[in-house]
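J.: Here's the feature list from TrEMBL:
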DOMAIN    103-392  domain 'Sugar phosphate transporter'
TRANSMEM  105-122  transmembrane segment
TRANSMEM  134-153  transmembrane segment
TRANSMEM  221-240  transmembrane segment
TRANSMEM  246-265  transmembrane segment
TRANSMEM  277-296  transmembrane segment
TRANSMEM  316-334  transmembrane segment
Amino acid sequence: MMSLRASSFMAPSDLLSRRCSVPKPQFFSLPSFQNSQQSESTNSLYSLNKPLYISSTKNLSLVPKKEKPLTECKAYEADQSRPLEINIELPDEQARLEAAQRLKIGLYFATWWALNVVFNIYNKKVLNAFPYPWLTSTLSLAAGSLMMLISWATRLADAPKTDLDFWKSLFPVAVAHTIGHVAATVSMSKVAVSFTHIIKSGEPAFSVLVSRFLLGEAFPIPVYLSLIPIIGGCALAAVTELNFNMTGFMGAMISNLAFVFRNIFSKKGMKGKSVSGMNYYACLSMLSLLILTPFAIAVEGPKMWMAGWDQALSQIGPHFIWWVAAQSVFYHLYNQVSYMSLDQISPLTFSVGNTMKRISVIVSSIIIFHTPVQPINALGAAIAILGTFLYSQVDIKLKCHVNHILNFVKLLLLKS
């Protein structure tokens, strides 16, 4: 029978605390144990049936590894538990969210542009038969206000919760919206729809200049360079316009400036507010209607309206009423969708989208109304649109660079 002595075993504490010095190449030999049954019968103090706890496996590596930064983990008892403050964004999930957001904005833009084309067609038809832009603008705001009041009353849409501070912040937006709306309608009553929108394609230039000199925002040099073809193309189109009218030209210019202020004020007013873009524009229409109505009465008056209405009905017939209703309803719808877009993007990007939609408006109006266009005039419009495209590309690339930098900083913070 084999005799065993207690000294042939090492105590667990000695086993765990002993370090093995192994010459290169580094290999580690696992400790050998004798028969467990014999060990239990000889010495009951040391049993291999009990679990063996290893505090570290660092020395068991056959190939030396570089030291890695340790991750500190904290544990708490059940009655003292607290949530882990971890904010990790997975790259795949973040990419899917960004793609969904781009798709959502793209659908907004497509709907916005389509509704705007329909509005411009019916609006020009109304103004050709009924040349009273102040009343036409008032009817557009009245139709939208009535639609939203009915939606709130029937609970098709949730009514916004507003206070006095909300209406105070909305007032400058309503003033700018009223001026821009009336100025654009006056312009289209004097000149072709295509000419008005060619001039209004210079809105990004107004947006950059206002943001630079009034708001103190600085832009990279490529942004300023992209404005040169926009301004040059608009100027060339204006000089070569066959039916040029100074009132129509100035109306489009004033509309550009007013809508830039409207977009900037709207973005500031919507921050920290629980009112959605749809309800925000509904409130804006109602306040603009209150502002515009007394001015419309003072400038044109009910007598001129009645005479013009009777003349339009005698020339066009009952279809004229449908034209007025359509231009009023589609005006509200396209502006409502545009504000839903503004809820997701910056004022500068909004101006870009507002300019790109003019391509479809210009082309469709030339086809429907058979507007005569000279080659040099078409060249000016093309240059302005190309400048808008370059401007949008510069803006997108700058945003991509900023996003890459932010993602890199986040990655560094996570690693640290």
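Cβ from N, Cα, C; glycine included.
Each of these features: where is it, how hidden is it, and who are its neighbours?
T.: In the predicted model, the domain 'Sugar phosphate transporter' (103-392) shows an average pLDDT of 87.
A Cβ distance under 8 Å defines the sequence-distant neighbours of the transmembrane segment (277-296), meaning residues of its chain 6+ beyond its ends; these are 134-135, 137-138, 141-142, 144-145, 148, 157-160, 162, 166-167, 170-171, 173-175, 177-178, 181-182, 266, 269-270, 332, 335-336, 338-343.
Counting same-chain residues at least six beyond the ends of the transmembrane segment (316-334), those with a Cβ under 8 angstroms from any Cβ of the stretch are 112, 115-116, 118-119, 122-123, 125-126, 129-130, 136, 139-140, 142-144, 147, 285.
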